[in-house]
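Database features (Swiss-Prot):
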BINDING   107, 127, 128, 129  (9Z)-octadecenoate binding site
BINDING   107, 127, 128, 129  hexadecanoate binding site
DISULFID  118-125  disulfide bond
MOD_RES   2  N-acetylserine
């Protein structure tokens with residue numbers, strides 16, 4: 001994994017996030033909070049363990065994992081998923097699986113920004129973060 005992912009990132013733009021949350025099955029009240037949040041994402045690495053912590057005024061989440069190894073995750077909207085993160089062509093690719101559903105979250109670096117593409121079925125959301 002590129003060390004350029006490491007550090008603190010702040011959300012600067014978000015496109016189609018509400019539609020993505022709807023596709024995930026997130027309720028209206030939680031979607032409203034999610035749309036208001038401007039989360040900070042802190043990515044760190046210790047040995048071969050990567051940690052991604054997401055902080056917002058409404059909820060904080062944290063996942064720690066080894067690339068390619070499945071782990072249990074409780075998402076910000078309280079889904080219990082089996083998740084796996086891999087590295088391919090410089091992109092951190094996360095797959096979350098639960099109750100027969102699957103969503104992907106791809107994090108890549110573009111012009112010094114972290115571009116996060118979230119996909120559920122045919123709904124795609126793009127969120128852009130800048131390093132703090």
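Easy rule for this one: first residue shown is 1, then count along the chain.
In case you wondered, yes, glycine gets a Cβ from its N, Cα and C as well.
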Taking the residues 107, 127, 128, 129 listed for hexadecanoate, what is the greatest CA to CA distance in Å, to the nearest whole number? 10
Neighbours of the hexadecanoate site 107, 127, 128, 129: Cβ within 8 Å of the Cβ centroid, same chain, sequence order. 9, 11, 41, 113, 114, 115, 116, 126
If you measure between the CA atoms of residue 118 (disulfide bond) and residue 128 ((9Z)-octadecenoate binding site) and round to the nearest Å, you get 11
Here the binding-site residues are 107, 127, 128, 129, and the Cα closest to that of residue 2 (N-acetylserine) is found at 107
Near residue 107 ((9Z)-octadecenoate binding site), which residues of its chain come within a Cβ-Cβ distance under 8 Å, counting only those 6 or more away in sequence? 5, 91, 92, 93, 94, 114, 115, 116
Let me spell it out: for each of the recorded positions (125, 128), count the other Cβ atoms within 10 Å of that residue's Cβ, using every protein chain shown. Which one has the most? 125
Within 10 Å of the Cβ of residue 118 (disulfide bond), how many other Cβ atoms can be counted across all chains shown? 23
